[in-house]
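K.L.:
Quick paste from Swiss-Prot:
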DOMAIN    24-249  domain 'Radical SAM core'
BINDING   33, 82, 116, 176, 278, 279, 280  GTP binding site
BINDING   40, 44, 47  [4Fe-4S] cluster 1 binding site
BINDING   46, 86, 140, 210  S-adenosyl-L-methionine binding site
BINDING   273, 276, 290  [4Fe-4S] cluster 2 binding site
């Protein structure tokens, strides 16, 4: 890890705490993704090994520390904040953090607070999420087949997730379904998954699998370029490119036959680096400037070194100055090691 070597005594004036974040390529950083835990109640085959060794709980930032870090980024121009994991809703007392961040929306300092979830805890938390100011969530769901769902999640129960989605919709949350497109696993189901989602007023976003972390399977066996998936869909559906954006990497098409939107996230075949507006913070206070690179900044040390937010802001600025132009993801038989050693559950997607 490349830790910012900055003398605390040379911290800039308080003006640095509100200076906007612009990387070396002129891209404004306005989107923060925060992995609040690396733990999850599922073990999805493309995300983590079945017998994961998780971070010791003593290494995690407290919820109060995560709140302070998030507030520092909001002060520096972040307008959208997404909580991820692992599974964010399994973190003990997570609603404290969500409620505190919701106050930033009330104050006009944050435009959107959202989260990505596997749906297993939504029946319990959906109504409270709305009360805290969350209006939109992403739910990861790769198949509607109970047996395949158990196979890919290893531990998950499809019924529980579907009940959670129903609870979210009933509470008034806008739900988007995220599905990783996997060759010879769920690719034949994508049309039906799309009809199901659109029929319930939900967008569907397809995602290419990414080479992150050691897992128990060879990713090349299931890698499916979304350019190929789109061609298959166009045999039965009329897909019209849209300018619609949500602030993330998805490119959207309108599906005329269903009246819904289909998003495509293509880090492998058509990366989204040129418009990247985001950085990722882990539950240990590590800031990754790029999903597909290993360079990182240690914000935990800066956070705990002083109560002076000007020093923390300077460490953040130093990290943003190292944000790379793009990633180097490759999936093929010659590159069977992951491009990035850390698991997606650590980085938060």
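Cβ coordinates are placed from backbone N, Cα and C, and glycine is handled just like the others.
Have a look at these and tell me how they're positioned relative to everything else.
P.N.:
In the predicted model, residues of the domain 'Radical SAM core' (24-249) average a pLDDT of 94.
In this structure, residue 116 (GTP binding site) is part of a beta strand by DSSP. Its Cβ taken as reference, residue 116 (GTP binding site) is surrounded by 20 other Cβ atoms within 10 Å in the chains shown.
In the three-state DSSP assignment, the secondary structure recorded for residue 40 ([4Fe-4S] cluster 1 binding site) is coil. Residue 40 ([4Fe-4S] cluster 1 binding site) has a Cβ environment of 22 other Cβ atoms inside 10 Å.
For residue 140 (S-adenosyl-L-methionine binding site), the Cβ neighbour count at a 10 Å cut-off comes to 21, with all displayed protein chains included. When secondary structure is read from DSSP and collapsed to three states, residue 140 (S-adenosyl-L-methionine binding site) falls in the strand class.
In the shown protein chains, 16 other C-beta atoms lie within 10 A of the C-beta of residue 273 ([4Fe-4S] cluster 2 binding site).
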K.L.:
At the level of the C-alpha atoms, what whole-angstrom distance separates residue 140 (S-adenosyl-L-methionine binding site) and residue 116 (GTP binding site)?
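P.N.:
For residue 140 (S-adenosyl-L-methionine binding site) versus residue 116 (GTP binding site), the Cα atoms are 7 Å apart.
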K.L.:
Out of 40, 44, 46, 47, 86, 290, give those binding-site residues positioned within 10 angstroms of residue 278 (GTP binding site), comparing C-alpha atoms, in sequence order.
P.N.:
290
K.L.:
Provide the three-state secondary structure of residue 273 ([4Fe-4S] cluster 2 binding site) computed with DSSP.
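P.N.:
Going by the DSSP assignment, residue 273 ([4Fe-4S] cluster 2 binding site) falls within a helical segment, counted as helix.
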K.L.:
Near residue 278 (GTP binding site), how many other Cβ atoms are within 10 Å of its Cβ?
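P.N.:
Cβ-Cβ neighbours of residue 278 (GTP binding site) within 10 Å number 23.
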K.L.:
Would you identify the secondary structure of residue 280 (GTP binding site) according to DSSP, in three states?
P.N.:
strand
